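Features reported for this protein in TrEMBL:
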- 8-27: compositional bias 'Basic and acidic residues' (COMPBIAS)
- 55-67: compositional bias 'Basic and acidic residues' (COMPBIAS)
- 302-322: compositional bias 'Basic and acidic residues' (COMPBIAS)
- 323-332: compositional bias 'Basic residues' (COMPBIAS)
- 338-353: compositional bias 'Basic and acidic residues' (COMPBIAS)
- 103-256: domain 'Alpha-ketoglutarate-dependent dioxygenase AlkB-like' (DOMAIN)
- 1-67: region 'Disordered' (REGION)
- 272-361: region 'Disordered' (REGION)
Amino acid sequence: MAASGYSDLREKLKSMTPHRDEIKNKYVDGTSNGSSGKGRKRKVRESDDDEYEHSDDCAENREQEAGRVKSSILQKNIFTPEECALIEGKIDDVVARGEAGLYREHTVDRAPLRNKYFFGEGYTYGSQLEKRGPGQERLYRKGEVDEIPSWVDELVIKRLVSSGVVPEGFVNSAVINDYQPGGCIVSHVDPLHIFARPIVSVSFFSDSALCFGCRFQFKPIRVSEPVFVLPVGRGSVTVLSGYAADDITHCIRPQDIKERRAVIILRKTRPDAPRLDTDSPLSSSPVERPAPLKAKRYHRRAQPDAAHRPRVLEMDKEENRHPSHSRQRRHSTGSENYWRRGQDSDKHRESSGRKVKMRRH
């Protein structure tokens, strides 16, 4: 987020959703119409706490916005505890297969305290993008991620179809997000040019919350007050459309993941969604299954004390995705600095006539 230059990720949506301009009025300084505007101006107190002072009108506007979010969300409790336990066992199997390197390269996306598994369709996002900003996401070429597992279709999608949540044949993309305690996902909107609406998700393993309109800051990580907080229980189905899906960001805060949690996100890609072309560096890998991935260095089981450990986010430290490149850059930079220090030392010896002992690194 910091790299994109936006202090609030919702500002990114303006270029993608022009109809959001009507929302700006609640943050506009009232002095523009000649009045003092004290009742309408949003005052920001610049402090380490990053707290906000809201006028009565601003608080009312936030309540109205929360109402818009709530009215465009549908929640259902479809899955019984027994069905949840069965599906959770299948999710554990997915994690085990990922650990064993049995999936295609772009099926598994690893990040600290959160693993992502793409099925049916996968897409580039975050640090994977060649150009940052909304609208830059691209689908991978067909066949670069594994197909949707049969158990997802039998145990999850068919239940949603029979319950009237989605029409038959709607879902062609399934993503499993596996969170450990303290994990999170920063504020975002599911790419409008990639996915049709609605966005459907089903929660497993534990209860959590989905927050709307938050703003993330890092070093240390801080999250502003949400516009709306939606509790999501184990086995609950959440359907986002309209305002909640398109006109406000949503996120998972670290403090809301107290135990291991997994969510299955079911979506439909748009027919005209852009894909990576064959000349793109990210699409140069073959469609065939690559060699098995190396075993991970840490265990993915939920640990009770993990929520109290320091958290490192994928957007906070981009080198987590490309450790080899980072090491190469550090080595290259270190070598250059070492060479420059050597030259400076030689010049110093010539001018002073004294030997200078170089420190070995």
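Glycine is treated like the rest: Cβ placed from N, Cα and C.
Heads up, TrEMBL stuff is auto-annotated, nobody curated it.
A quick note: this is a predicted structure, and the numbers were derived from the prediction, not measured.
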In the domain 'Alpha-ketoglutarate-dependent dioxygenase AlkB-like' (103-256), averaged pLDDT is 93
The compositional bias 'Basic and acidic residues' (55-67) resolves under DSSP into 12 helix, 0 strand, 1 coil
